[in-house]
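What Swiss-Prot records for this protein:
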type    : residues                                               : note
BINDING : Gly42, Ser43, Ser44, Gly45, Ser46, Gly47, Lys48, Ser49 : ATP binding site
DOMAIN  : 8-220                                                  : domain 'ABC transporter'
Amino acid sequence: MNNIVLILKMISKHYKQGNTIVRVLDGLNLTANEGELIAIIGSSGSGKSTLLHIAGLLDKPTNGQVIIPNIKYKKYHLIRLYYLGFIYQQHHLLKDFTALENVIIPRLIRGLDQKEAIKDATKILDDLGLEKKLYNMPGELSGGEQQRVAIARSLINKPRIILADEPTGNLDPNTTNEVFNLFLKVARKQNTTVIMVTHNHELAHKMDKLYNLKHGLLNIA
């Protein structure tokens, strides 16, 4: 049996709009195992991004628990730095840094050896088909290449969990499939758990598990 890396236990998130309580998440449960690829679909406004923010310790639930077993740190910013990786629809690359420099930044923030960081970043970028683009600036890269750099950056610290919010949402269909397949290849190679929210059902069906978020709860799709 795989090791459990994340438990969301009876998660609720409520907002007040005027005199009305909006129940975005309402007693939601999820268990993610090591190396598992999980997709979450749902209509716009169903709470998919809210769910990722709570799972990534970027937001607090109204009720419920987020449990990340067997971790050394208790402070949220350290848990995010050492155990979690994030990919968004926008790549958020630093425009004045090369592809390679963008990728090694999370390693340097942790105070790790720069030579080792460059070696590992070069390997990941190579796995993502960017071996000839290491020293290109973001503005010299295509949209798909920029997103691959962002993916490499999320993987450089070998996180237990990647939280991906529409990671290919800005790409054309052909580029979407190419980038996504490379992403899954590297994630599987690292045995990294991926929790992805998406509107793209074709991509969602490439994952190990598929859930539909509806009325604040997750159901197997």
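Cβ from N, Cα, C; glycine included.
Annotated ATP site Gly42, Ser43, Ser44, Gly45, Ser46, Gly47, Lys48, Ser49; additional same-chain residues within 8 Å of its Cβ mean position, judged by their own Cβ, are Thr50, Val197, Leu213. Long-range neighbours of Lys48 (ATP binding site) (same chain, six or more residues apart, CB within less than 8 Å of its CB): Ile40, Ile41, Gly42, Asp165, Val197, Leu213. Considering only the binding-site residues Ser43, Ser44, Ser46, Ser49, the Cβ with the fewest other Cβ atoms within 10 Å is that of Ser44.
In the three-state DSSP classification, Ser49 (ATP binding site) falls within a helix.
Sequence-distant contacts (6 or more apart, same chain, Cβ under 8 Å) of Gly47 (ATP binding site) comprise Lys13, Val24, Leu25, Leu213, Gly216. Among the binding-site residues Gly42, Gly45, the residue whose Cβ has the fewest other Cβ atoms within 10 Å is Gly45.
Following the DSSP three-state reduction, the secondary structure of Ser44 (ATP binding site) is coil.
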